[in-house]
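Colleague: My questions all concern the structure below.
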């Protein structure tokens, strides 16, 4: 179904007011799925409700930009992607035709911003990443600029502190990857801007770092847990030697028959063999702690 008219009214006579092809309701309003060509050359294809864009659709501008996403009562509202004429792109939330809520902006130079938006501006918590250097700002934004607590992360160091209107301000610290920190503060300093020929140069305020104390480098040694040493062949652990019954029996036998030297010698020879047999039978229990330690190392 095709006609000539606008979203507000339809007349066959008069200037060109665009075209529409699609569904209508009983009142003749655009309602349902349709395709429209606006008087300025833009086009829209998607859902309508009571004459307004409502639901999902794609709006193409004649300058090459386009929006693919959700509409409510003729305005971009909900989740959508806007591709701008210069190639930059925004993916995220919209409210009343403006970037509002959480979204990601891909800039034409390769930089990205991921975070919160309000009224088309970066506002709230977000991360801006610079493609050329790999540096990034992570923190609070107010009206499109870093403002509040934040962190500027570089290749081998980072700065933590407060920001105001896009610049560091007040106390903060630089943290270096080698393990030391430099504490200090940024103070506002006025300096002249412009050429030397100007009689009254314009004064601008810039932040200047005032260094304070430097913490020493702290080296942290990683200590690995020591595994219990396994007893050598033919040796018995001291704890096991003290608790062995053959040794106790040997002491008892010596006390009971102190006068019989030959018998004591024979019994001593026999008892000397018994611990050797006991050592051979207790080798497996003695190795269990070492085996458990090896299993723990694998896990």
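Any Cβ shown, glycine's included, is placed from N, Cα and C.
It should be emphasised that the depicted structure is a prediction, and the values quoted were computed from it without experimental measurement.
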Colleague: Checking feature assignment: region 'Disordered' per TrEMBL, candidates 1-56, 57-112. Which range matches?
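Modeller: When 1-56, 57-112 are checked in TrEMBL, region 'Disordered' belongs to 1-56.
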Colleague: For the compositional bias 'Basic and acidic residues' (21-32), DSSP counts of helix, strand and coil?
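Modeller: With helix first, then strand, then coil, the compositional bias 'Basic and acidic residues' (21-32) has 0 helix, 7 strand, 5 coil.
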